[in-house]
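Here is the structure we will look at, set down as structure tokens.
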Amino acid sequence: MKPVKKKKTEEPELEPLCCCEYIDRNGEKNHVAACLCDCQDLDEGCDRWLTCQSLRPETCERITDTISDRLRIPWLRGAKKVNISIVPPLVLLPVFLHVASWHFLLGVVVLTSLPMLALWYYYLTHRRKEQTLFFLSLGLFSLGYMYYVFLREVVPQGRVGPTQLALLTCGLLLILLALYRAKKNPGYLSNDKSPSNSQIECPVKKGQEKTKGFPGTDASGSLNNRTLKDDVRGSSRVGLDSPAKVKEDWCAKCQLVRPARAWHCRICGICVRRMDHHCVWINSCVGESNHQAFILALSIFLLTSVYGISLTLNTICRDRSLFTALFYCPGVYANYSSALSFTCVWYSVIITAGMAYIFLIQLINISYNVTEREVQQALRQKTGRRLLCGLIVDTGQYNRGFLRNWLQFSTLGTHTVHTPAEDIV
């Protein structure tokens, strides 16, 4: 008898998702309308809370994961997941500002608490080394909401002309354009080296293990009398005998050769060329390719913010100077419109003061040709020259004078110095 050929079982084709359906974290099809169904972890957490029992950490993590997975909006070909960290600013900021405009004392309490809550959340996420869209959402929504209050409460009073409104609108648009440019690639290092340079398998010697890296790297990971741990922690990449000579280091995490002043960002999980710092306000690193756009965004924001604050105070506190109106504006709480505008002014002042401090630090660092990461490393290791209680730190490694430092900053990203890997072995 001839053997019977078995027919190949055809896998069923997946049906296209409608706008409200999605594939959840368990790989099953789910619906947006069922977001409150089958919440075992949430039920368990509520039961333990009602019975005054402690909630286990793993239960809290599962509840957070479930909420973030089910928080979606209808979209074409399936519901899209919404990052839960962008929601609190959209909901809480208008509520807090409206509550603060009810009374002077409420305004003091709320406007004092907001920076503290933001700092608490920053240190919480910074300690976990996690990316968050909270601060980017807070910044963008603050810009939009302040502009909305200005159009609704300040412009109708007739003291803001069309030219002034056009200037403020152009400033807002320029801020968004500069932020868009600053959000782009800060100078990520890609692992495009050849295998002979980036992944060299060392021969096995007696007393050594097979490792990947540069020739001469033993089992302890030493490289040129330094360990890979030192490279990850940020050992100096400038030779003592020739400070101007650029050397390159090996990143054990990205498995690539990084040039001088590059650093591995533990939040982004990738190496950045001439990394300055990881900025939570743009949810990205500030590096060689976007440092100029970052400074431009800060400068435009400060000018636009001060201009908007002055226009608002001249409208609600007439015939008073800008500084006097901030602290003494009689009758500002007499009606709700002026009270809300005055509260938004003080909120803008707090944000502007914080950004002005960041801008000042950036100007000082550029003038001394140091990055923020190099400053923090010098403060920890108690090296370099410190002035004004550590506000100014000069490491002395790359400082070539004020004009040359700014000239080098103005040409960032236009050329890149490459050093062969053989030169550092």
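Cβ coordinates come from backbone N, Cα and C, glycine included.
Here the structure is a predicted model, which means the values were calculated and not measured.
Record features, source Swiss-Prot:
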TOPO_DOM  1-81  topological domain 'Cytoplasmic'
TRANSMEM  82-99  transmembrane segment
TRANSMEM  103-125  transmembrane segment
TOPO_DOM  126-130  topological domain 'Cytoplasmic'
TRANSMEM  131-151  transmembrane segment
TOPO_DOM  152-159  topological domain 'Lumenal'
TRANSMEM  160-180  transmembrane segment
TOPO_DOM  181-292  topological domain 'Cytoplasmic'
DOMAIN    249-299  domain 'DHHC'
ACT_SITE  CYS279  active site, S-palmitoyl cysteine intermediate
TRANSMEM  293-313  transmembrane segment
TOPO_DOM  314-343  topological domain 'Lumenal'
TRANSMEM  344-364  transmembrane segment
TOPO_DOM  365-425  topological domain 'Cytoplasmic'
REGION    422-425  region 'Interaction with NOS1'
Chain residues in Cβ proximity to the topological domain 'Cytoplasmic' (126-130) (below 8 Å; excluding those fewer than six residues from its ends, i.e. six or more beyond): 266-267, 280
Residue counts in helix (H, G, I), strand (E, B) and coil for the topological domain 'Lumenal' (152-159), per DSSP? 6 helix, 0 strand, 2 coil
What parts of the chain pack near the transmembrane segment (160-180), using Cβ distances under 8 Å and only residues at least 6 beyond its ends? 140, 143, 147, 150, 154, 282, 293, 296-297, 300-301, 303-304, 307-308, 311, 315
The topological domain 'Lumenal' (314-343): which same-chain residues, six or more beyond its ends, come within Cβ distance under 8 Å? 97-98, 100-104, 107, 111, 149-150, 153-154, 157, 159-160, 349
Residues from the same chain, set at least six apart from the ends of the topological domain 'Lumenal' (152-159), whose C-beta lies under 8 A from its own: 165, 311-312, 314-316, 318, 337-338, 340-341
